[in-house]
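Novice: Pasting a structure below so you can have a look.
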Amino acid sequence: MISKRIEKPDARLSIGFIYIAFIALFLGGLMGLLQTLVRSGEFTLPFGIGYYQILTAHGVLLGLVLTTYFIIGFQYTLMSKSVGMSEKQRKWAWISFTMMVIGTLMSGTMILLGKANVLYTFYAPLQAHPIFYIGLALFVVGTWISCFVNFSQLRQWKKKYPGEKSPLMAFMVVINMLIWLISTLGVAATVVLQYIPWSLGMVEEIDILVSRTLFWYFGHPLVYFWLLPAYMAWYTIIPKIIGGKIFSDSLARLAFILFLLFSIPVGFHHQLTEPGIDPFWKYIQVVLTFMVTIPSLITAFSMFATFEMTGRKKGYTGLFRWLKGLPWKDVRFLAPFIGMVAFIPGGAGGLINASNQLNGVIHNTIWVTGHFHLTVATTVVLTFFGISYWLIPVLTGRKLTKQINKLGIIQTFIWAVGMTIMSGSMHIEGLLGAPRRSAFSNYGGTQQAQEWVGYQIAQAIGGSILFIGILLMVYIFIKLAFRTPKGEEEFPVAEYADPTERTPKVFENWRLWIGIAAVLILIAYTIPFIDIIQNAPPGSPGFKWPIGNT
Amino acid sequence: MHLHKYEKIWLTFGIGSLLVFLIVLGIGAFYQGTQPPSCLVTIDPQNVQAHESFKEESLGLQKVGENEYVVNVLASAFQYNLGKDDKGSPVRTIRIPKGANVTFQATTTDVVHGFQIAGTNVNMMLEPGYISDFETTLDNPGEYTILCNEYCGIGQHTMSAVLEVYEP
């Protein structure tokens, strides 16, 4: 794999994105702590702050700000490393950054003022302040610029090296940005064409089911946009850290192509219990949803193949003794590894959620919250932390010290314990029927609601442990960004186990894959979407009072 | 493209079980009729009373046949309207005999709500402009919490009622 030095101006760009991600981690984590405390029934918020206000802030800060900024920043370094960046591209990247920040600040201010207590899904006809929606639109358009910068980086490289296969890192980044671009077309359409005119009073009514369908057309690919950067690190970086090699270039590319094809035409599995959508089309999208298990199975195999080959190469034999050959005391490996382990129950829970009729048992219960705290908040976030330990020093020209490595191992351990307690009790409480997105309530004093309280106290304990983990991570971030000794930290880039392996040319036929992705989307959505529009009931006026936006 | 032998076994097993699983789901949905709630009937959200099921006198528990009931529910932020009792006060508890066939029929007058009966499979979204329904048989006597599980505003957690399933 070709690897270039990260030039200073490129480093500044990436670290800019990552600063914002860590600010969001701290603030969003604090909101999460407060939520678990409120829901334990033992604590009320001071100064008239609303539970649903901090819930909105938590979801937006961690689900959208932390993830998107970290991912775009990280992907820029992968692109700089593998294909390089021109001056013009860098200028556009900064424009993208600026638009995203302005959009984030606009929406964030409305949440702080209590004018947008709509949670990060902002379901109509709850109506927030128009600036909330305009900020969101600006943020999304800002990210689009980054998509096109990444595309042009790879195109420029291809021109320079005609006929050569593109570097794996750049290939993966481009796939992820394609998923993001195609899927955000849906959320942008609903925000720009429906929410903004409606919240400004230019139109009276909004079509609820159209807005929800467009939202979920975006909402599920969003989770793969979070997950794929973790996979990038697992495929292209972790093998180097453990002293091994990439198992197979073609399998890695195949997995990413399958994600491009199957992560988008699946939004209905979030709408299984909704009226107005024909159950036949729900089932079709359920089938498409399950296709993404295939690239995840490929990834699981590749990872453990790399681990086992590395362990055996170091002289460890036996059925499981090769595990001893892995660098357990290196946080750059340990944190992502714990993330991988969390993806086993996380993925299994996801299969349950998407299972057509079985979804009714857990839909909108706190089980779902437990689920995505395993997948996003553990698998993805621990991998992002694992990346941060070397990426931040690379970008700031410092070294990862032994002391920080040790603190990182403690941080990983705290995270694993806190999340096991919190997510575990969420899963059980959800199976008993307790809802998500709810402040503390005794539900008219039923026996069931009383049984839930114990689990909510466990969530507050887990949440408190996790907040200690966040404080420690923020401390580590500050150390790595401003305090540890100057030096040159290694940017780990793995090599192939078999450099002579030939990757099928067809994997780089972008027109073909984008074309198939488009066809699948059209198959999954055209007929049901026309049905939804043709059979639409009268639209809904906006409701501001239920969210206290008066 | 070269595939390792073990990888072939792994993927064959994985994709094979996926197919079996999807076929099971499909048989459950289309042959045995266990579909997720997907009522396609629309209604004017600003005039729900125009629909016969949601007139004031139709709300709450209605006996429609031998051991057969319909429960009409009108949701609004932040309560479920289940009709009025003999004294004219709002009904908070619905009582249904064990083993009866019950259809829950619900809609909303304002924002999106949830309708879930904790501890049962009754769980559906209520959206303005649509009627949602769920037909079931409740076999285990006891007290169940009816609650709103979709965010509908700052009073969401106060939106609840009780269902009692009794031995006839």
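From the backbone N, Cα and C atoms, a Cβ is placed for every residue, glycine too.
The following feature annotations were taken from TrEMBL:
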- A:12-483: domain 'Cytochrome oxidase subunit I profile' (DOMAIN)
- A:12-38: transmembrane segment (TRANSMEM)
- A:50-72: transmembrane segment (TRANSMEM)
- A:92-111: transmembrane segment (TRANSMEM)
- A:131-151: transmembrane segment (TRANSMEM)
- A:171-196: transmembrane segment (TRANSMEM)
- A:216-238: transmembrane segment (TRANSMEM)
- A:250-268: transmembrane segment (TRANSMEM)
- A:280-304: transmembrane segment (TRANSMEM)
- A:331-352: transmembrane segment (TRANSMEM)
- A:372-392: transmembrane segment (TRANSMEM)
- A:413-432: transmembrane segment (TRANSMEM)
- A:512-533: transmembrane segment (TRANSMEM)
Novice: Which stretch from A:92-111, A:131-151, A:413-432 shares the most C-beta pairs under 8 Å with the transmembrane segment (A:331-352)?
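Specialist: Highest pair count goes to A:413-432.
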Novice: Who are the chain neighbours of the transmembrane segment (A:280-304) in space, where the CB to CB distance is under 8 Å and they lie at least 6 residues beyond its ends?
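Specialist: For the transmembrane segment (A:280-304), the far contacts come to 220, 224, 231, 234-235, 238, 247-248, 251-252, 254-256, 258-259, 261-263, 265-269, 271-272, 340, 343, 347, 351, 354-356, 520, 523-524, 527-528.
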Novice: Cβ under 8 Å to the transmembrane segment (A:171-196), counting only same-chain residues 6 or more beyond its ends: which ones?
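Specialist: Answer is 71, 75, 78-79, 122, 124, 130, 133-134, 136-137, 140-141, 143-144, 146-147, 150-151, 154, 206-207, 210-211, 214-215, 217-219, 221-222, 224-225, 228-229, 231-232, 235-236, 252-253, 256-257, 259-260, 263-264, 267, 507-508, 514, 517, 521.
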Novice: With pairs fewer than 6 apart in sequence excluded, do the transmembrane segment (A:216-238) and the transmembrane segment (A:250-268) have three or more C-beta pairs that lie under 8 Å?
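Specialist: Yes, the transmembrane segment (A:250-268) and the transmembrane segment (A:216-238) are in contact.
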Novice: Going through A:12-38, A:131-151, A:216-238, A:413-432 one by one, which has the most CB pairs that fall under 8 Å from the transmembrane segment (A:372-392)?
Specialist: A:216-238
Novice: Counting Cβ pairs under 8 Å that are 6 or more apart in sequence, does the total for the transmembrane segment (A:50-72) and the transmembrane segment (A:512-533) reach three or more?
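Specialist: Between the transmembrane segment (A:512-533) and the transmembrane segment (A:50-72), which are separate recorded stretches, there is no contact, as judged by 3 or more close Cβ pairs.
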Novice: As a test of reading the model: what is the averaged pLDDT for the domain 'Cytochrome oxidase subunit I profile' (A:12-483)?
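Specialist: Average per-residue pLDDT within the domain 'Cytochrome oxidase subunit I profile' (A:12-483): 96.
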